[in-house]
Structures are given as C-alpha cells and as structure tokens.
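**Q** Quick one: this structure, given as structure tokens, is what I'll be asking you about.
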Amino acid sequence: MVDFLQALVLGLIQGLTEFLPISSSAHLRIYPELFGWGDPGAAFTAVIQIGTEVAVLMFFRKDIWRIGRAWLLSLFKPEYRGHLDARMGWFIIVGSVPIVLLGIALKDVIEEDFRSLWLIGTTLIVLGLVLGVADRLGGTDKTIKQISLRDAILMGLAQALALIPGVSRSGATLSMGRLLGYDREAATRYAFLLAIPAVIGAGVFELKDIPNGDNLYGWGPTIVATIVSFVVGYAAIAWLLRYVTTRSYAPFVLYRVALGAATLVLVATGVIAA
C-alpha cells in the first residue's frame with residue numbers, strides 16, 4: 001500500500017511538472033529524497049512519462065492526425081510535399097534524432113552519473129537563467145507556421161540537453177524557440193509536439209526494467225503513477241497554453257533558481273544524499 005501511495009504522489013508530481021519548464025525528472029529525483037523514499041530510478045521516471053505524453057496525444061489529437069496524414073500523403077504524392085503539415089512531420093522526425101542518438105549512446109551515464117543531485121541542482125539554476133534571458137531577449141514575430149528545417153534542428157539539439165535531469169525538455173526547447181524569435185505560444189506548442197517521439201520511445205524502451213534494474217516499484221505502482229500523470233498532465237497542458245499567451249516565463253525561472261539553490265544547500269549540509 002505504501003508503494004501505491006508513493007506512486008500516486010510521484011504521478012502527481014510528474015503530471016504537474018512535465019510540461020512546465022522546470023524539469024519533471026529533476027522533481028522525481030529531488031522530492032523522493034526529501035521524503036526519504038530514495039531514487040525511484042531512471043526506468044520508473046521514463047515509463048510514467050508515457051502517461052503525460054498520452055495526454056499530449058489526446059490534447060493535440062487533431063493537430064497530430066492532420067500532421068501525420070499530410071506527412072504520409074507527402075511520401076506518395078508530390079503535391080503534398082510543400083504542405084505545412086507535411087513539413088511539420090519531417091521537422092518533428094528530424095528534431096527527434098539528436099535526443100534518440102544521444103539517449104542510446106549515453107544510456108549508462110544518464111542512469112547513473114546524470115542523476116547526481118549536485119548536477120541536477122546546478123542545471124536547474126543555469127538553464128533557468130538561460131530560459132529567463134531567452135524569454136527576455138527573444139522576438140515575438142514568428143509563429144509555428146514559419147518554422148524551418150534549420151530551426152527544427154536547433155530546437156532538436158536543445159531538446160537533447162534534457163537527457164540531463166534538471167535541464168527540462170520543454171525548458172530547453174522553449175529557450176531555443178524564443179531565441180529564434182518564436183512567440184511563446186508557438187514555442188510551447190512545438191515543444192509539446194517535438195517531445196512525443198522521444199518520450200514515448202524512451203518509456204517503451206525502459207519497460208523491460210520495471211520489474212528489476214534500479215526501479216523501486218513494480219508494475220502496479222508504476223501503472224498507478226502513469227495514470228495519475230496522464231490526468232494531471234492533460235490539465236497542465238491546457239493551463240500552460242492559456243498562461244503563455246499573456247505572461248512571461250519569469251515565475252518558472254525564479255522557481256528553478258530557488259529549487260536548484262535549495263537542492264545544493266541540502267546536499268552540501270548532508271540533509272539529503274547526492
């Protein structure tokens with residue numbers, strides 16, 4: 001029963017933090033340590049992220065259907081190849097390549113060295129400041145309809161940084177999008193779509209490690225956490241898309257810096273283990 005209660009809390013944390021630029025993987029590493037539960041493991045973290053990505057699939061189902069259909073048609077009908085949705089399909093595929101290749105190449109490092117709270121606290125602060133600068137200096141004249149192959153590659157490279165817990169997949173992509181001149185809504189929407197292949201792929205790949213490996217929980221608690229993350233994540237998407245139409249990322253920047261600094265202090269004083 002304790003495992004299920006812990007999984008429920010972790011699913012709630014995942015759902016609340018996955019789409020905000022504050023790093024869900026960092027929260028799933030930091031808060032279990034604060035609660036005395038220990039590290040839930042990279043496999044658990046990757047698998048419950050499937051729940052939030054299913055929320056993306058549901059929320060953007062019309063966009064995804066339109067993009068997928070146009071992309072498939074473009075493979076056989078030349079007249080579709082210049083269509084925005086067909087190009088968007090290619091941009092998402094190309095933008096996913098960096099994180100897939102690096103994720104496979106650095107798997108052992110990601111599951112061990114990258115989970116150090118020293119590193120996570122530092123990346124929360126540094127990438128939080130980067131997000132703040134990007135949001136402050138970035139233009140607001142480009143919409144998602146103006147995305148180019150170059151921009152898709154650059155945002156894909158930025159997303160790959162999120163293999164380090166504390167960076168934040170959405171935070172890295174949003175930062176690059178804002179620096180490239182996209183408005184907040186466009187950068188946010190594209191960040192959600194770009195994450196789908198990588199996150200679902202990583203979650204499926206890690207399914208084999210749920211009953212063993214470094215995972216603290218079995219199938220039951222993991223399924224509970226995944227369902228909770230889906231429900232909460234769906235609500236978080238709707239809220240964030242409304243929020244970014246009128247407000248800046250400043251509150252997220254302040255929160256990241258505060259959490260990162262607190263994490264480093266707690267580790268340095270021995271309150272929690274690195």
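A Cβ is built for glycine as well, from the same backbone N, Cα and C atoms used for every other residue.
Not my notes, these are from Swiss-Prot:
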- 40-60: transmembrane segment (TRANSMEM)
- 90-110: transmembrane segment (TRANSMEM)
- 114-134: transmembrane segment (TRANSMEM)
- 147-167: transmembrane segment (TRANSMEM)
- 190-210: transmembrane segment (TRANSMEM)
- 221-241: transmembrane segment (TRANSMEM)
- 252-272: transmembrane segment (TRANSMEM)
**Q** With pairs closer than 6 in sequence left out, are the transmembrane segment (40-60) and the transmembrane segment (221-241) joined by 3 or more CB pairs under 8 Å?
**A** yes
**Q** How about the transmembrane segment (252-272) with the transmembrane segment (114-134) - do they touch, taking at least 3 C-beta pairs under 8 Å (6 or more apart in sequence) as contact?
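**A** Contact between the transmembrane segment (114-134) and the transmembrane segment (252-272): present, because at least 3 Cβ pairs are under 8 Å.
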**Q** Counting only residues 6+ away from its ends, which parts of the chain sit with a Cβ under 8 Å from the transmembrane segment (114-134)?
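**A** For the transmembrane segment (114-134), the nonlocal Cβ contacts are 21-23, 26, 29-30, 33, 39, 42, 106, 161, 163-168, 171-172, 174-176, 178-179, 249-250, 252-257, 259-261, 263-264, 267, 272-274.
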**Q** Mind checking which residues of the chain, 6+ beyond the ends of the transmembrane segment (147-167), have their Cβ under 8 Å from one of its Cβ atoms?
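**A** Long-range Cβ neighbours of the transmembrane segment (147-167): 23, 25-26, 29, 87-88, 90-92, 94-99, 102-103, 106, 110, 114-115, 119-124, 127, 173, 175-177, 180, 182, 186, 190-191, 194-195, 198, 260.
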